Amino acid sequence: MSNTDPQPPQKLPLNWVVWTLAVALMLYYLPAMRDRPEPAIKLPYSEFRMLLREGQISSVTLRGSELDGKFITPRMFPEQRRQYSRFLTQLPDFGNEAILAELEEQNIPLEVKEGHDASSSKVILLSYLPWIMFMIILFWLSRRTFRNFSGRGGAFDFDKRLETQFECQKPDTTFDEVAGQTNAKREVQELVEYLRDPDRFHRVGALAPRGVLLMGPPGTGKTLLARALAGEAGVNFYPMSASEFIEVFVGVGASRVRQLFKIAKENSPSIIFIDELDSVGRTRGAGYGGGHDEREQTLNQILAEMDGFAGHDAVIVLAATNRPDVLDPALMRPGRFDRHVTLDLPDQEGRVAILKVHARHIPLADDVNLNQVAAGTPGFSGADLKNLINEAAIQAARENRDHVHSLDFDIARDKIIMGAERTLIIPPDEKHRLAVHESGHTLVAYYLPNTDPLYKVSIVPHGRSLGGTHQLPLQERHTYPEEYLRDKLAVMLAGRIAERELLGSVSTGADDDIHQATGLARAMVSRWGMSKEVGPVDLRDSEEHPFLGREMAQPHHHSEFSAEIIDKAVRELLVAAETTAADLISTHREKLDRLVALLERSETLHKAQIDECLQTGAS
């Protein structure tokens with residue numbers, strides 16, 4: 001005798017019942033739909049008798065008191081604007097014997113079928129069955145949808161969803177992988193010591209910063225530094241993008257914040273990392289949502305949680321942003337994100353270190369000098385340099401080489417700076433105008449004393465542009481003198497001046513040049529005080545990259561009269577830059593002609609070729 005308990009009979013799942021009924025209903029109705037009779041017109045009894053006497057009826061089917069017949073030939077009925085081959089007629093309760101006799105006399109086939117009244121209950125059931133099935137399926141889908149939302153990680157089951165979403169990580173990243181950011185690593189080093197041994201700090205009453213804000217341009221390694229901090233300290237790491245807090249339902253963001261901080265405290269020492277903090281940390285009360293929208297509720301909950309840390313909670317909140325200027329002031333006060341760590345674009349020494357980190361597993365040829373690569377990539381972030389290494393490796397693989405050569409790095413750098421080369425057939429006259437335009441930029445950049453050295457000029461389409469003149473600074477610039485900016489304006493406008501001088505007209509090719517030059521000139525006047533008429537006054541209209549709420553709430557700091565003065569000063573700067581470019585082009589007209597011819601023939605000129613052409617006149 002078995003000791004196992006008898007198993008209760010399993011219930012047939014509801015979805016199987018629904019699908020079985022649906023299939024059965026479909027099998028029942030498909031033949032009926034396939035054999036659906038053609039449409040029929042209802043005829044009065046008198047008209048039926050007339051057509052019967054005229055011999056226009058071919059066959060008749062009798063169903064109770066209803067007569068279903070067919071015409072010998074289709075008949076046109078103007079009221080319905082169509083022909084009918086079939087008709088229906090309701091017979092009276094008397095005189096049917098005469099009709100039957102007349103049908104028999106004319107040898108018209110007569111078929112008698114069961115009337116509707118005999119099976120009225122069946123007809124009613126079948127007519128309502130599709131609606132019953134529709135309601136059952138709708139009910140099943142509703143239950144299944146709600147179950148998916150509420151029981152399987154849906155929008156109604158926040159707690160279960162968050163427990164899996166905030167999964168603890170143990171990064172193995174170290175500070176050695178964060179190259180080119182020596183100062184930033186030095187600033188967060190004491191946080192590592194605190195997380196490793198918080199009791200040592202508590203004994204003397206010291207508290208570690210509750211919040212550390214990592215600031216810097218995109219691609220400088222803010223997320224990498226946060227992971228390295230957790231890896232060096234050996235603590236739990238809870239990464240979260242700020243945009244993930246926001247949900248379609250009000251209150252979800254605040255709930256997620258509470259859950260995240262609760263889990264981090266229970267598993268301390270730990271680090272909470274919030275990426276792109278400006279998604280929820282922007283200044284409150286500046287947009288359409290007033291003071292009670294979902295984003296602001298989330299921000300308020302973050303502030304409340306950071307205030308609620310106890311002295312023994314070994315939890316540090318790291319956040320990253322590239323827009324610290326738009327953050328709410330309440331986030332920046334002591335006790336919250338009171339320590340700010342800036343990650344700048346790496347200098348040449350830092351770029352060398354970054355290249356060495358990313359090239360560890362790349363087979364480099366003997367002609368590759370990472371110091372030269374770093375010298376030729378000023379302004380590149382860590383992410384840009386990583387991409388440079390990868391693009392060079394892809395280029396080597398494309399050429400079926402086993403090692404990455406210096407030429408691969410040059411091609412990869414050009415692709416990043418200028419965009420990917422694309423095939424485009426340009427008409428000869430347009431190609432000539434393009435060569436004139438780019439040669440104008442090149443000539444003026446070559447002769448002006450305060451511009452960056454030329455790197456390359458090309459009329460081969462790259463990215464979204466048809467051509468380009470590219471310059472690379474010899475070293476990083478942190479400030480820009482006025483003479484440098486004035487010469488930069490002249491270089492920007494030199495292309496259209498060359499078109500006007502050599503071709504007698506200008507084209508739309510200078511659209512972006514004018515846009516960039518106008519923006520630079522306006523900044524010189526309204527932000528940097530480089531106009532005698534305006535003076536050293538900050539009269540900028542808005543942030544460089546404003547978001548909607550901040551822009552709407554920001555007043556203009558000048559009158560219409562001041563705006564006219566600014567516009568006049570901007571125009572004077574641009575006209576002066578055009579004059580400078582025109583003078584140089586007029587003075588070196590012969591060299592410009594030679595440069596145009598050489599560029600049109602070669603399509604791409606490097607610095608050495610440009611120098612040779614403009615210095616010796618070689619063509």
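Cβ from N, Cα, C; glycine included.
The active site annotation in Swiss-Prot covers Glu438 and is backed by sequence analysis. Residues annotated as ATP binding site in Swiss-Prot, with sequence analysis given as evidence: Gly216, Pro217, Pro218, Gly219, Thr220, Gly221, Lys222, Thr223. The feature Zn(2+) binding site is assigned by Swiss-Prot to His437, His441, Asp513. For 12-32, 121-141, the entry in Swiss-Prot reads transmembrane segment.
Recorded features from Swiss-Prot, shown on the structure.
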| residue | record | DSSP class |
| --- | --- | --- |
| Gly216 | ATP binding site | coil |
| Gly221 | ATP binding site | coil |
| His437 | Zn(2+) binding site | helix |
| Asp513 | Zn(2+) binding site | helix |
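In this view, Asp513 (Zn(2+) binding site) is surrounded by 18 other Cβ atoms within 10 Å of its Cβ, with every protein chain counted.
Recorded residues His437 (Zn(2+) binding site) and Pro218 (ATP binding site) have their alpha carbons 33 Å apart, per Cα-Cα distance. A Cα-Cα distance of 25 Å separates Asp513 (Zn(2+) binding site) from Pro218 (ATP binding site).
On a Cα basis, the residue listed as 'active site' lies 30 Å away from Pro218 (ATP binding site). Other residues of the same chain near the ATP site, with their Cβ within 8 Å of the Cβ centroid of Gly216, Pro217, Pro218, Gly219, Thr220, Gly221, Lys222, Thr223, are Ala320, Asn322, Leu343, Ser381, Gly382, Ala383.
Of all the binding-site residues in the record (Gly216, Gly219, Gly221, Thr223), the one with the smallest CA separation from Glu438 (active site) is Gly219. Counting only same-chain residues six or more apart in sequence, the Cβ atoms lying under 8 angstroms from the Cβ of Gly221 (ATP binding site) belong to Val178, Gly180, Gln181, Ala184, Leu343, Gly382, Ala383. Pro217 (ATP binding site) sits 29 Å from His441 (Zn(2+) binding site), taking the C-alpha atoms as the reference points.
Neighbour counts of Cβ atoms within 10 Å were compared across the binding-site residues Thr220, Thr223; the minimum falls on Thr223.
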